Amino acid sequence: MSKNNKFDKNKIKYFAYYAIAVALIVYMLNDYVTNIKSDHIKYSEFVKYLNENRIEEVQLTRDKIIIHPKINKGEKKKVMYTESIYDPNLVKKLDASKVKYGGVPQENSAIKSFIVNWVIPIIIFMFLGRMLFGKLDKKMGSGVMSFGKNTAKIYAENETGITFEDVAGQDEAKESLVEIVDFLHKPERYTEIGAKLPKGALLVGPPGTGKTLLAKAVAGEAKVPFFSLSGSSFVEMFVGMGAARVRDLFEQAQEKAPCIIFIDEIDAIGKSRDNAMSSNDEREQTLNQLLAEMDGFDSSKGVVILAATNRPEILDKALLRPGRFDRRVIVDRPDLKGREDILKVHSKGVKISEEVDMSSIAKSTPGAVGSDLANIINEAALRAVKNGRQEVIQEDLEEAVEVIIAGKEKKDRILSPQEKRQVAFHEVGHALVAALLPNTDPVHKITIVPRTMGALGYTMQLPTEDKYLINKEEMLDKITVMLGGRSAEEVKFNSISTGAANDIERATQTARSMVTVYGMTDRFDMMALESVQNRYLDGRPVQNCSAETAAIIDDEALNIIKECHEKAKKMLKENEELLNKITEKLLEKETLMGDEFMAMVKGEDESTSKGTEVEEREKEVDENEIEDRILDESVMETKGVSDKSPI
């Protein structure tokens with residue numbers, strides 16, 4: 001028997017129960033309403049009322065006598081009734097008491113009475129019940145009569161509409177999943193040699209990298225049914241419902257095998273049971289049922305479980321062991337080539353000018369994930385429409401990158417001449433220090449146009465290549481560039497402002513990481529003083545030291561910051577004339593591109609014989625283009641989408 005037939009029979013059964021309940025309620029209400037309309041009295045009381053002349057009118061029927069007593073002014077009309085007893089003198093008594101009497105007026109037809117007393121109330125009850133159940137359905141996300149049914153969206157063989165061609169920048173992850181697809185296509189190739197299909201694969205990576213997209217692509221390539229649901233949809237208000245839904249999900253999956261089950265955000269039900277402080281009996285019961293089901297089903301039937309999370313460190317160890325999730329597929333941030341491929345995939349349905357250079361956009365977005373790049377393409381398309389163009393040009397994409405990074409231009413924020421001048425010196429301070437140091441990324445753009453995310457101006461540096469390893473000298477130069485803005489204010493105005501808040505925060509975090517994570521100080525050598533948790537989310541470190549050691553860490557970080565601060569001030573004092581010249585140009589144009597800025601730096605250096613540091617920097621960049629380096633992921637996250645220095 002198919003699942004649909006079972007579902008239809010259940011609906012008919014519940015409808016029958018409901019109809020019987022409504023009919024009983026209507027019957028009891030009809031009887032109750034009839035009885036409350038009149039008061040019952042004994043026949044002897046009726047005779048007494050008649051003798052006392054307290055009755056106004058009497059209606060005679062076969063089985064009862066309806067009595068209308070006399071009422072005084074201001075009293076409500078009252079109706080009584082008594083049983084009809086054979087009394088040959090009743091009419092004489094009524095005449096003697098001068099009481100009006102007669103039969104009951106002809107009632108409506110039987111059909112009309114049935115409709116009024118039965119059909120209409122039943123319809124009203126069913127309508128109200130439907131409204132009530134409908135609201136419960138919406139609030140609870142499931143049918144009221146099917147608490148234990150799973151809420152997975154079921155896609156037919158070709159309904160996902162996504163294949164591996166739609167997934168770019170994740171070649172290693174795709175390779176790990178190709179075997180699963182091939183097994184579902186040709187299981188005999190693997191069973192002949194004794195190989196078994198992996199029961200499950202856990203997709204791990206930061207938000208927006210394409211974990212859900214990869215799962216849909218696997219189903220699209222395999223051309224099998226695809227069950228998609230979220231981990232949070234298992235556990236709701238009723239105890240035991242999560243475990244029942246897990247059982248129902250696997251029953252349906254085995255009926256439709258071969259198929260794929262995809263559980264997104266599995267950490268919602270898969271949290272470790274080690275922590276007694278955050279225990280939850282319903283979630284643990286659901287997890288236990290999931291573990292039992294994953295152990296119990298036969299992998300040769302072709303049921304594959306894919307799950308996605310960005311918090312693998314909190315998952316229960318029993319869930320991660322081989323035999324349940326046999327593979328852990330890392331879906332990481334794409335590299336330069338991956339970003340370019342992702343941009344090309346997302347631009348397929350967008351009219352793009354042939355002159356657009358996607359590689360330059362990919363270079364300007366280090367650390368960006370697939371969702372960021374898709375957003376950039378969409379922002380560029382919206383900008384093209386706004387400007388009345390029929391296709392997206394390079395300028396649209398470059399502006400879209402800046403919109404994602406710093407927000408839109410805030411045209412209504414008008415700075416005073418003094419504030420504008422201070423912002424300009426601040427940003428040129430960043431850029432000039434970056435140009436004069438050997439281990440920094442090239443300056444791409446300097447602007448003093450305010451943005452909606454709060455920046456009054458910013459300096460954008462873009463790397464010439466993806467960096468996977470940063471040495472101590474590069475980190476020190478990076479901190480020096482961050483402090484170049486405040487240093488320029490001190491050199492020029494001999495005062496400081498609040499504009500360096502973000503620079504100070506980033507410089508402090510980088511200096512602390514040098515001390516606590518990377519072992520770049522003589523005092524602590526290679527001792528790990530902090531560990532990173534939730535590395536795929538915020539990547540915040542947790543301190544692993546005493547309060548006394550923490551105070552020493554602060555001193556070490558402060559020494560690094562002071563050293564870099566003094567270095568930045570010294571460089572700007574030695575090149576103050578160049579600082580003034582570039583700032584005046586920036587005040588005139590409001591935005592300077594990297595080529596124009598570097599031309600001014602080189603021109604000034606030739607006349608002042610201070611080009612040595614610039615030449616060393618260019619030589620170092622050329623050497624760095626040959627090296628293959630590996631950057632620690634936490635550094636990548638502090639770097640963000642670009643090294644910008646907002647004020």
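Note: Cβ is positioned from N, Cα and C throughout, glycine not excepted.
Here the structure is a predicted model, which means the values were calculated and not measured.
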Feature coiled coil in TrEMBL, mapped to one of the ranges 81-112, 401-432, 561-592: 561-592
Residue in ASP357, ASP372, ASP503 which TrEMBL records at the Zn(2+) site where HIS426, HIS430 also bind: ASP503
Sparsest-packed among the binding-site residues, when each Cβ's other Cβ atoms within 10 Å are tallied, from HIS426, HIS430: HIS426
Tally of residues which DSSP labels helix, strand or coil - the domain 'AAA+ ATPase' (197-335): 62 helix, 29 strand, 48 coil
Site of maximum Cβ density within 10 Å, from recorded positions GLU427, ASP503: GLU427
Same-chain residue ranges lying at least 6 outside the coiled coil (561-592) that approach it to Cβ under 8 Å: 420-421, 424-425, 427-429, 431-433, 436-437, 445-449, 476, 479-484, 486-488, 490-492, 507-508, 511, 600-601, 604-605, 608, 610
Inter-residue C-alpha distance, GLU427 (active site) and ASP503 (Zn(2+) binding site) (nearest angstrom): 11
